[in-house]
Amino acid sequence: MAVTRLAVAAALSAAPPSSRRRRAFFHHSCRPLPSSAAAAAKALRASAAPAVDEEAPASPPPSDLGKGVENLVIIGSGPAGYTAAIYAARANLKPVVFEGYQVGGVPGGQLMTTTEVENFPGFPDGVTGPDLMDKMRKQAERWGAELHQEDVEFVNVKSRPFVIRSSDREVKCHSVIIATGAAAKRLRLPREDEFWSRGISACAICDGASPLFKGQVLAVVGGGDTATEEAIYLTKYARHVHLLVRKDQLRASKAMQDRVLNNPNITVHFNTEAVDVVSNPKGQMSGIQLKRTDTGEESVLEVKGLFYGIGHTPNSQLLQGQIDLDDAGYILVEEGTAKTSVDGVFAAGDVQDHEWRQAVTAAGSGCVAALSVERYLVANDLLVEFHQPVREEKEKEITDRDVEMGFDISHTKHRGQYALRKVYHESPRLVCVLYTSPTCGPCRTLKPILSKVIDEYNEHVHFVEIDIEEDPEIAEAAGIMGTPCVQFFKNKEMLRTVSGVKMKKEYREFIESNK
């Protein structure tokens, strides 16, 4: 969506300062909540990554973990990857974890897009997916796991030691755990790309809070737990939600079915599929073209947004041709184990589980994989123990720079609409605005990534975080339809909008060329 200089300027000039006190954005205490079971995905999407026997791209600087061969590299995070990291770190393996992110989908994996997890043991009142992942990540880090929020681009498990190459480093290792999860499927409607992030989304929790969806009629496609959960979540913001189900019944759990069917703000359309998107003369999404699967009858349903909840595809492309996969792309493991067809390579989580796909089963498989790695290393006389002190997290002092009286433009990082108005009108620097929402897991992933890049250009950039629920008028004027979203301004001109989570080098290159 094109955002005019006039609209943003008007919003920044007219919006009254918020009277409520807001906590300051403190980048150093933000813990990344990375890529879940969907890590390493840019590479993963790239079956385009070079094959092992092809010429590999130039190697990045070697890992600073040491010049030797590491015990274990874990590719991916989520409940499988983080659990594996916890067990491996406690066993003194000092695992190297590439958390990565999911290109074209939702960083942090499926739990990062889940509102309430009500069936994970130990949380009688439930827990949000991002909060659960945050706790797991901190636990892995506390016991000595080496975490890198980087995208894996190349894997060679055909020769030893194995080689894992990310966007920033190369690591050699004796064993690998693949916990890359699965990516959200798309319908591939004729106009899907045109309206992706402009009305179509695969993440209700990321994009549902957008001011452009509030009070509107929305639709969700799918009949399982993911789709029903998205429909329920969207009723917090939408006037009404339509759930489109291809078959004549829901596949979701009985509890989720009851909640959907008894919700007056949700209408379920059985035997119905989406055929395409309909737009108005302004080029905005105005509806969905539907088709009955039983009669073939077609109709148009007026909605302002369409959300997908139609399942996932395993992120195993990096391993194609190197380990055994089934016809759907899931990694094949020996029954009851995490062992793949390659000795020393193990798989955990949704990348090898096409049946259960639960957070607790993913965590269990991560545990099995880590214990299997330890046995493998011992049996082959490869284990080198690293005894590290347990890392205790220190409380960070939180200061509020962004209330009107305390604002200081000499600082680089700020939060809230008052700060944005000040830097927008007064700063000669490039202005980077990050739009977030409270329940957005990918926002937690992006904050530390972007923060590190901003630190590199401290004298050339001003950074402001905007919570779209606290400052909806700013988000609406900027045309924000989902979070996370980054906009760059200079001299009151908007230069670029970047939706979702990207690699550090993409933000770095843009800032470098526009500072």
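In case you wondered, yes, glycine gets a Cβ from its N, Cα and C as well.
Per Swiss-Prot, the feature transit peptide maps to 1-45.
Arg357 (FAD binding site) has a Cβ environment of 19 other Cβ atoms inside 10 Å. Annotation comment: Swiss-Prot describes 77-80, 98-99, 106-110, Asn119, Val152, Cys206, Asp350, 357-359 as FAD binding site.
Taken from Swiss-Prot, the feature site 'Important for activity' applies to Ala227 (among others), supported by a curator's inference. Mapped onto three states, the DSSP output places Ala227 (site 'Important for activity') in helix.
Every protein chain shown contributes to the tally, and the Cβ of Val245 (site 'Important for activity') ends up with 23 other Cβ atoms within 10 Å. When secondary structure is read from DSSP and collapsed to three states, Val245 (site 'Important for activity') falls in the coil class. As annotated by Swiss-Prot, site 'Important for activity' applies to Val245 (among others), with the evidence given as a curator's inference.
Sequence-distant neighbours of Arg246 (site 'Important for activity'): residues of the same chain at least 6 apart with a C-beta under 8 Å from its C-beta are Gly223, Asn271, Thr272, Glu273, Thr293. Annotation source Swiss-Prot lists site 'Important for activity' at Arg246 (among others), citing a curator's inference.
In the domain 'Thioredoxin' (377-515), the DSSP tally of helix, strand and coil residues is 49 helix, 30 strand, 60 coil. Summarising the annotation, Swiss-Prot assigns domain 'Thioredoxin' to 377-515.
Taken from Swiss-Prot, the feature active site, nucleophile covers Cys440 (among others). The Cβ of Cys440 (active site, nucleophile) has 28 neighbouring Cβ atoms from other residues within 10 Å, across all protein chains displayed.
The Cβ of Cys443 (active site, nucleophile) lies under 8 Å from the Cβ of Cys206, Leu434, Thr436, Ser437, Thr483, Pro484, each on the same chain and at least six residues away in sequence. Taken from Swiss-Prot, the feature active site, nucleophile applies to Cys443 (among others).
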Shortest C-alpha distance to Ala80 (FAD binding site) - which of the recorded positions Ala227, Val245, Cys440: Cys440
Neighbour-count leader, CB within 10 A, recorded positions: Ala80, Val152, Ala227: Ala80
Rounded to the nearest Å - Cα separation of Arg357 (FAD binding site) and Ala227 (site 'Important for activity'): 15
Using Cα positions only, nearest of the recorded positions to Ser77 (FAD binding site) (Ala227, Val245, Cys440): Cys440
Spatial neighbour of Cys440 (active site, nucleophile) that is closest, considering only the recorded positions Val152, Ala227, Val245 and their CA atoms: Ala227
